[in-house]
Structures are given as structure tokens and as C-alpha cells.
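Written below as C-alpha cells is the structure these notes are about.
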Amino acid sequence: MAASMARRLWPLLTRRGFRPRGGCISNDSPRRSFTTEKRNRNLLYEYAREGYSALPQLDIERFCACPEEAAHALELRKGELRSADLPAIISTWQELRQLQEQIRSLEEEKAAVTEAVRALLANQDSGEVQQDPKYQGLRARGREIRKELVHLYPREAQLEEQFYLQALKLPNQTHPDVPVGDESQARVLHMVGDKPVFSFQPRGHLEIGEKLDIIRQKRLSHVSGHRSYYLRGAGALLQHGLVNFTFNKLLRRGFTPMTVPDLLRGAVFEGCGMTPNANPSQIYNIDPARFKDLNLAGTAEVGLAGYFMDHTVAFRDLPVRMVCSSTCYRAETNTGQEPRGLYRVHHFTKVEMFGVTGPGLEQSSQLLEEFLSLQMEILTELGLHFRVLDMPTQELGLPAYRKFDIEAWMPGRGRFGEVTSASNCTDFQSRRLHIMFQTEAGELQFAHTVNATACAVPRLLIALLESNQQKDGSVLVPPALQSYLGTDRITAPTHVPLQYIGPNQPRKPGLPGQPAVS
């Protein structure tokens with residue numbers, strides 16, 4: 001127990017700048033800013049070292065078995081690591097394994113020495129045992145072992161941290177059929193429906209929504225910042241209708257409904273293959289001066305994965321299918337892309353599918369195909385024209401083994417736009433978050449995880465408004481959503497839209513007690 005505690009404390013102390021000095025611990029840590037510390041940290045590793053979870057069980061053996069093949073696969077993925085980084089990671093891991101075996105052997109010997117000393121003390125009186133050469137030899141050997149371990153524990157902590165800080169950046173394996181390259185190399189698997197034909201120049205969703213007074217995005221910088229929006233009336237009903245339509249369909253298919261926290265620890269994000277400490281990051285971080293390590297989730301996938309973290313699922317309950325509607329928060333740091341409209345916004349509602357399967361690619365691949373089929377069914381019932389893409393290597397991120405995107409036609413934008421994504425993450429997330437299943441024999445094994453968008457509201461609003469617009473400015477409601485809106489057509493408002501009276505207006509009515517401004 002003492003040895004285990006010592007090994008647990010070493011990385012915590014050294015990471016905070018503490019060093020042994022004359023039998024005591026002193027702090028030599030220089031002052032560092034939060035942003036400086038973030039760059040060299042891995043929250044998942046720290047989370048484990050502080051005892052909240054076990055260390056990630058990364059599958060390094062597969063890299064060691066075929067290092068050339070692994071290096072080639074790494075080069076094809078987009079990420080921080082390149083093939084030249086792999087040998088150092090493998091070397092560090094091998095050295096760490098050898099050192100841990102040496103420590104284990106010494107700790108076993110130390111335990112045996114302790115037992116032998118206790119046996120001598122039990123059978124002889126104190127005076128006699130002190131003179132016993134065997135006792136003296138055991139005590140001397142015990143001191144030697146402790147000295148060796150005192151030097152080995154810090155080295156183990158150093159190697160362990162060095163290994164995990166790099167190895168946790170390694171991506172998942174890649175399906176052999178995945179196209180190689182960037183998004184331009186995506187393979188079209190299916191083309192469903194036809195492009196809508198108009199006798200007029202189709203308008204964009206924002207113009208349509210503003211004229212119908214169902215979307216507001218103007219003059220919000222002083223209210224909620226850029227890339228925010230309001231949905232009003234039929235716009236809000238469309239959102240609720242899409243969520244309820246999707247939810248009801250999935251509940252009928254046996255999905256378990258869930259709600260999840262919006263605020264989560266960084267370790268859960270990193271366990272899912274996301275990087276809250278990246279610069280820039282798409283993840284909103286709560287001020288660490290007030291709330292340590294809390295982040296706003298950009299997808300319910302993170303919360304659902306966190307639900308299973310450090311837990312086992314009974315084998316007979318597999319595969320698990322879950323559905324969750326949540327508000328998603330994304331920084332959208334590339335402000336040059338689509339600055340107006342609903343395509344890239346800081347917050348939106350999304351319905352997410354999440355699955356946990358047993359071992360082997362067959363089960364998780366089947367669930368991925370099932371999720372994709374449901375996505376296609378939903379979009380078909382909404383009457384949209386769309387295409388299914390097999391995404392290439394550089395679009396898989398860290399966790400995906402294979403990923404399918406669906407892009408819907410958006411006439412106002414004049415191009416396809418991504419509306420759903422589905423990924424098979426195999427055991428990438430479960431090895432980091434310890435998502436396990438228990439066999440009927442009681443054995444624990446790593447599960448596979450699969451996630452997929454069921455309904456991303458803003459992007460579906462774009463496709464629906466632009467595809468169903470009419471010459472008179474109204475919008476037809478798809479039959480699948482008519483019961484939720486109570487109408488088959490969204491028409492011009494009968495109310496008077498709000499009038500802006502804030503600063504920088506050429507004409508505005510006077511405020512109480514003030515003349516009108518011209």
C-alpha cells in the first residue's frame with residue numbers, strides 16, 4: 001500500500017515543481033500563467049494520476065507489431081503527430097514497461113523481506129533477533145531495495161508522463177476502404193432525391209426567415225455576440241417539430257432517451273478524442289479562476305460517453321442504443337467562414353445517437369450502418385435532396401475508424417452542406433474512458449462506441465427553408481412536420497415586426513421625454 005501510494009504521489013509532486021531535498025519536499029516551481037500550463041497538459045492523464053480513474057489502456061501493441069504500417073497510417077491522418085514521432089513513443093513505452101517490471105520485481109522482493117523479518121521477530125525475542133545474521137542481512141537488503149525504489153519511482157513517473165503526453169495524440173486505426181486525402185477526396189456512396197426546381201431566383205434561408213419574422217440574427221452583438229440567433233413563432237415550432245419528429249422515430253426503434261450535462265470535465269473530452277486545451281479550440285472553457293476544469297459540450301456525444309465512463313455494460317444488454325437532445329456550444333474560431341446565417345453558429349440544438357457494442361468490428365460496423373440508415377430515413381421523410389459521403393483519412397479526426405457524412409442540398413447557398421455525421425470509434429474512446437462490457441463468464445472487455453447525428457436543427461432549417469420556399473415568400477411545411485406546426489405552410493406574419501430603436505440609426509422615434517431623431 002505504501003509503495004503504491006508513493007508511486008501515485010511522485011508524478012503529482014514532480015508535476016507541481018516539488019523535489020526531494022534533505023529528506024523533505026520543497027517547491028521549486030516557477031510561476032506560470034494558465035495559458036502556458038495548458039499547452040503542456042493532458043487532462044485525461046492528470047485525471048487518472050490524481051486517482052479519479054485508471055490510466056488509459058492504449059493499444060500500443062498494434063503499433064509495435066507493424067511499426068511501418070502504423071507509421072504510414074499515421075501519415076495519412078490529420079493531427080499533431082507524424083510518422084517520425086512514432087519510434088520515440090514506442091521506445092518510451094518499451095522502456096517504461098521494462099522499468100515497471102523491475103519495480104514490480106523489487107516490490108515483490110521487498111514484501112518477501114518484510115514477511116521474513118516478521119517471522120524472525122515472531123519466533124525470537126528482541127535481543128536475540130538483533131544479533132541474528134539472517135535478520136541483519138534481511139534488514140540490509142530491505143534498505144537497499146528502498147533506496148533503489150526511491151530512484152526508480154521518479155523515473156517511472158517521468159517516463160509515464162512522457163509516454164502518455166504523446167501517445168494520447170495517436171489516432172484510431174483506419175478502415176481499409178476509407179479514401180485517402182482531404183475532404184475533396186470524399187467518396188459519394190448514395191445520391192437521394194432530386195434538386196428542387198424554381199421559377200425564380202431562390203433566396204437564402206436568412207432572407208427567407210427574416211421576411212417571415214421567424215429568424216432574427218441582426219443587431220445581436222450587444223445581446224449575445226456574433227453567430228447567435230433567435231427563432232420565433234414558426235421558426236421555434238420547426239425546431240421543436242424536428243426534435244420531436246426525430247425523437248419519436250428513434251424511441252419507436254428501441255432507443256433509450258437521455259439527458260446529459262452541458263458542463264463536463266476536460267478529461268471526458270480528451271477521452272472522446274477532442275482537445276479542450278488546443279489553441280485555437282472549438283470548445284468553450286469556463287473561467288478556471290472560478291470553476292476548475294469545466295467546459296461546454298459541443299455535442300451530446302461527450303456527455304453520453306461520460307455516462308458510461310468507468311462502468312460496465314452487461315453482455316446481454318448489448319448493443320446499447322441511446323438518443324439525446326441537447327444544446328451544443330461551439331466557438332467556431334474560424335470567423336471568416338459563413339459569418340452570417342445559421343450554418344456556423346455558437347449554439348444550436350442537436351439530437352444525437354450513441355451506441356455501445358461488444359468486441360470486434362462486425363458489431364460496431366453493423367451499428368454504424370444502422371445509424372446511417374436511420375439518418376437517410378429521416379432526411380428522406382423530410383423531403384430533402386442529399387448525398388452520403390465516405391469521408392477520407394484527413395477528415396476522421398482522432399477517434400473515428402470510419403466516418404460517413406450526409407450533405408443536404410441548400411438552394412440558397414447553391415451547394416451541398418453537411419447536416420449529419422456518423423462515426424465508428426471502435427475501442428478508441430472505451431480504452432481511454434474505460435467503457436467496458438462484462439461477458440457471461442464475468443470477464444471484462446473493452447466495448448466499441450458509435451455516434452451519429454440524428455438531427456442538427458440549424459442546418460436542417462437551412463435545407464428545409466431553402467428547398468421549400470415559394471415565389472410569394474411563403475414556405476411549404478413537409479408532411480412529416482405538419483402535425484407539429486399545425487399548418488402546411490409558413491406565411492408572412494400578421495404582427496408588426498419589432499422596430500430597432502438603439503444607437504446608430506438615421507431615424508428613430510424619441511425616447512420618453514426626448515424628441516425624435518432625424
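Positions of Cβ are set from backbone N, Cα and C atoms, glycine also.
Of all ranges given (15-35, 330-350, 414-434, 498-518), Swiss-Prot attaches the label region 'Disordered' to 498-518. Per Swiss-Prot, the candidate among THR174, THR453, THR487, THR491 that belongs to the L-serine site alongside THR299, ALA300, GLU301, GLU352 is THR453. In this entry, THR299, ALA300, GLU301, GLU352, THR453 make up the residues listed for L-serine, with the farthest two CA atoms of the set 10 Å from each other. The closest partner of SER421 (ATP binding site) among the recorded positions, by CA position, is GLU352; the full candidate set was LYS110, LYS195, ALA300, GLU352. Of all the binding-site residues listed here (THR299, THR420, SER421, THR453), it is SER421 whose C-beta has the fewest other C-beta atoms within 10 angstroms.
When the binding-site residues ALA300, ALA331, VAL419 are scored by other C-beta atoms within 10 Å, ALA300 scores highest. VAL345 (ATP binding site) counts 19 other C-beta atoms within 10 Å of its own C-beta, drawing on all protein chains shown.
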